[in-house]
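According to Swiss-Prot, the protein has these features:
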- 1-22: signal peptide (SIGNAL)
- Cys23: N-palmitoyl cysteine (LIPID)
- Cys23: S-diacylglycerol cysteine (LIPID)
- Ala118, Phe119, Asn120, Asp181, Lys187, His278, Ile279, Ile280: FAD binding site (BINDING)
- Ala184, Asp306, Thr310: Mg(2+) binding site (BINDING)
Amino acid sequence: MKSSCVYWRIGVLVCILCGVGSCGGRARVREYSRAELVIGTLCRVRVYSKRPAAEVHAALEEVFTLLQQQEMVLSANRDDSALAALNAQAGSAPVVVDRSLYALLERALFFAEKSGGAFNPALGAXVKLWNIGFDRAAVPDPDALKEALTRCDFRQVHLRAGVSVGAPHTVQLAQAGMQLDLGAIAKGFLADKIVQLLTAHALDSALVDLGGNIFALGLKYGDVRSAAAQRLEWNVGIRDPHGTGQKPALVVSVRDCSVVTSGAYERFFERDGVRYHHIIDPVTGFPAHTDVDSVSIFAPRSTDADALATACFVLGYEKSCALLREFPGVDALFIFPDKRVRASAGIVDRVRVLDARFVLER
């Protein structure tokens, strides 16, 4: 398995010209797609636009430059990241941090409080013992895991914003040996930044996919070969948690919405016939045992969808419903082990079942 610090540029900008130039003076829509391995995962951005190709090229270049820069800030798996430097100062004085890191930590601690710790950005000490998704993943020694959990209290993370313009923001990890790990929220945070960047370039039709964290911006175009291409909602697939992932079990139609799914199938290892997945329960320190196979969150902000997907998977169905009532405009789709599917009111009519083994309850 490869470390998330790998930078491998797998492709240059692919521009699919579906109608060259203009037709009768009308600019036609062009589809642009770019993919790279960065932030430890495959990141894809697809854009539809009538704007000059050079402008779209420039915007996509900015997107992937942003991702490369932010990996140097937010990665828990790079020794040279800003987050690693902060973790190294745990138990000492406050540390001046990058404003993007500070903003992300603010939101992460908000969701930690709201979820009662089911989402916990300070779980790094325990996560490192498991090392799931990397080389040498292993079941930790029980005593070592118990000790690590004593260093996972998110309430020991203290933020202080600069009170004047230009004043530094600081973060203090009050307990020695504690470690932040933002893997359950960072991709959502970066997806939001990408959407802001695309919008600033007057690009209003795009699909951002950061390792399965989706943001569907605006409406897509249908047949881009037509000068009057139809605008359609994006169809986002939800996989069978026990399938190969090659074909979706469900499809949900969305626009201006992030879709993030958490499930036990994403990263795991097996020992002695037992599967250990990567979503750790902060109470037990072990992979979460829950009554759902996967949870998909639909939200206007990908940061929120990312954090809530993890929290809801750990909490299970009933407690998740209680939590989500505090977030108007956020919807959820739950897949249960018996292949029942429950979706909240805001999206249930947008769900199409493609695999007849799954039953959408209404």
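From the backbone N, Cα and C atoms, a Cβ is placed for every residue, glycine too.
Of the listed binding-site residues Lys187, His278, the Cβ environment within 10 Å is emptiest of other Cβ atoms at His278. Asp306 (Mg(2+) binding site) carries a helical DSSP state (H, G or I). DSSP classifies Ile280 (FAD binding site) as strand under the three-state reduction. Cβ contacts within 10 Å of Asp181 (FAD binding site), excluding its own Cβ and spanning all protein chains shown: 24. Ile279 (FAD binding site) has a Cβ environment of 20 other Cβ atoms inside 10 Å.
Sequence-ordered, the extra residues of this chain that approach the Mg(2+) site, with Cβ no more than 8 Å from the Cβ center of Ala184, Asp306, Thr310, are Phe119, Gly183, Ile185, Gly188, Val260, Ser262, Ala307, Leu308, Ala309, Ala311. Candidates Ala184, Asp306, Thr310 (binding-site residues) were compared with Ile279 (FAD binding site); those inside 10 Å Cα-Cα are Ala184, Thr310.
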